[in-house]
Amino acid sequence: MAMAQPKKPAGGAFGQFLAEKRPELQTQCKGQPITAITKLASEKFKALSEEDKKIYQEKFVAAKAKYDEDMKAFLEAGGEKKAIKKKGKKDIKKKKDPQAPKKPAGGAYGCFLAKNRAAFMKECSGQPVTAVTKLASAKWKELSDEDKKIYEEEFQKKKEEYQEAMKSYVPLSSADGDDEPPAKKRKTKEGAAEAAKSKDQTAMLQALEKVNGLLHPARRALLVSGIDRALEREKRAGQPAAHAVHWEQWEQMREEKSWAQAEQGLQRNNLEIIAQDIDQSKRHVLELKSSLLGKQAIIEDHQKSIQVEEQLLQLNPGFLEMVLRKVGIVGKHDSWITDLSVPVPTSEKSPEDPNLLLSASRDGLLKLWSVPEGASVQKVVCKGHRDVVSGCQLSPDGQFAVSCSWDRSMKIWHLEKDPGEVLRSGRIDKQLNTVIFSPDMRQILTGGGTRIDLWNTLAEIKYTLGDWIDSNKHTDWVSALEFVPLVSKEDDKGRPESFLSASWDHKLKRWNLTKMKLIKEFVGHKGVVHSICISPDASLIASGGKEAVAKLWDLAEGMLLYDLTVVSTINSLAFSPTRYWLAVATDVSVEVWDLEIKQQIWVDRGPPLPENIPWATCLKWSTNGQSLFVGHSDGTITRYDEEPDRPDRW
């Protein structure tokens, strides 16, 4: 007997781990898409210690050495090494219908390019074909928003015309029989097919009833309506309907496979469809789970807050006024306040007006306020985003601002020369949740979906973390970002070397800014992480979110130091720039914790709100640390001033 070609071992330590654990993983992932096995294996492998991973690496090295020996013996015995072909489906090229309405593509930019293509080609005569696209892109960026709006309206008009044309369009492919898969041709003659169809019609109807029961209700409704439309076309045009082709496909399937196999395949297909739908609706599911708590959860949290305040009042009746006192309302938006920012001076940059406050809101606006002691003045209103403004930050000198929005754009604003006007703008294909400006004002980071983008000040993306090939990326929405300051270096000039990210996947991660490589992963949260902040001396990280626990980490070592349990979901955190204090904004209260004694020293509670709406959505200490600004879901910004004559601690 000829010697069989040796089988190459599974690649690397992970391959050995997957091969060993596959039966166990298949049992755990029963009824799920096949990709769930690899995903679960990846999570379990990452959780292994370095010692355990080393064991699998040694197994791979041993298996690879044995494979090399066996292959050598196989070749010496006259064997011929052949590549192992992987099974796969051949690409099926669908025949185009020349009578089909043409779908407009490219959006407003596509209309602009189509209208000016001849002029661009003439201008780029003799140059590579890519020069036309580059020139068009440059010209497009030079257009004003008003000029771009003309092309957007043109594209919208074409899109509406296409949608209207598709309503009356009848595909010809069904009539010509082009929908039949070319992978396998029918071997039975037409007469034999008709006889078999008549003979087994009862069995086929029973099988179709079984299939009908397996289909998702929405897809079953689409199937029924599709057959109805096909029959209607048959009556109008006297042409064979599309369902005839489906009957032939069902007959072929009946000949080649048992009905049990067909049912199993359809059931698996529908499970994959349902899994995809669930994955795409993940955010709505989480929001639904949150809303199920209802008023009862808010009332319970509110009662806890009252109990804590009463305990503190018993210890010291005047404690509220000893820490912070409520001054009043700074300003107002028409919807939720989503973010607040103040200028943070560096060794190179400092603001002319240290009393600046920038606010972002769900009303789509940014507002710049001057908030000296005892007064507040609205200086600038920035308009340009078309959806919720989800994040904002002032530059250290207070002259520039960056913002991000659910409209998928990042914008840079000049607040001095052209107040309220967009200086630069960039877009990605995801809703943006957070944005930060580097202390040296040269780099910008945004978080949207599971990706993190590094921009320059020309609004150009220089690097993206979170591509599908990046195994270290976050697996859920990126919710917060923070640059790590280099306070220990005298010549840092505000240029950071690393940054932190937080996500709905319950994790914090520290990244090298130069190489964009993962430095450290912080694991410990059991729920969605909403906010992170770094202490002024760059020694501590605070993080918090859905689980109502603020975690304090050692930044250098990456170790969890201790937890601070609050009364409700944490929406925002901020270290005081002058005190050893941590301010916390929750759904029902604003709290201040003294980190030296690890105790809550001040609290202000809001009224109970319906439908799980948070009261305090964000907060920020003033530049000098003497005031605390809190944003609320009713659109107001509240100011609290610190009692004077307290020594700095950092």
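Glycine too: its Cβ is placed from the backbone N, Cα and C atoms.
Nobody curates TrEMBL annotations by hand; they come from automatic prediction.
When averaged over the DNA-binding region (7-75), pLDDT in the model lands at 84. Annotated DNA-binding region per TrEMBL: 7-75 (among others), in sequence order.
According to TrEMBL, the feature DNA-binding region maps to 102-170 (among others).
For 141-168, the entry in TrEMBL reads coiled coil.
The annotation compositional bias 'Basic residues' is assigned in TrEMBL to 85-96.
TrEMBL lists 189-200 with the feature compositional bias 'Basic and acidic residues'.
Per TrEMBL, the feature domain 'HMG box' maps to 7-75 (among others).
For 102-170 (among others), the entry in TrEMBL reads domain 'HMG box'.
Annotation source TrEMBL lists region 'Disordered' at 85-106 (among others).
Residues or ranges marked as region 'Disordered' in TrEMBL: 170-200 (among others).
As annotated by TrEMBL, repeat 'WD' applies to 352-379 (among others). Tertiary proximity for the repeat 'WD' (352-379) is limited to same-chain residues at least six positions away from its ends with a CB under 8 Å from its CB atoms, namely 327, 330-331, 333-343, 345, 385-394, 397-398, 401, 403, 405, 413, 415, 419, 620, 622-624, 626-627, 629, 631, 635, 637, 639, 641.
Proximity of distant same-chain residues to the repeat 'WD' (382-416), defined by a Cβ-Cβ separation under 8 Å and at least 6 residues beyond the stretch ends, is recorded for 145, 338-346, 348-353, 356, 358-362, 364-368, 422-437, 439, 441, 444, 446, 448, 453, 455, 457, 459, 494. The repeat 'WD' annotation in TrEMBL covers 382-416 (among others).
The repeat 'WD' annotation in TrEMBL covers 522-563 (among others). Here the repeat 'WD' (522-563) has Cβ contacts under 8 Å with residues 286, 476, 479-480, 482, 484-488, 500, 502-504, 506-510, 569-575, 577, 582, 584, 586, 593, 595, 598, 650 of the same chain, all six or more residues outside its ends.
Taking DSSP states H, G and I as helix and E and B as strand, the domain 'HMG box' (7-75) has 55 helix, 0 strand, 14 coil. Secondary structure by DSSP for the DNA-binding region (102-170): 54 helix, 0 strand, 15 coil.
Residue counts for the repeat 'WD' (522-563) under DSSP, split into helix (H, G, I), strand (E, B) and coil, are 0 helix, 24 strand, 18 coil.
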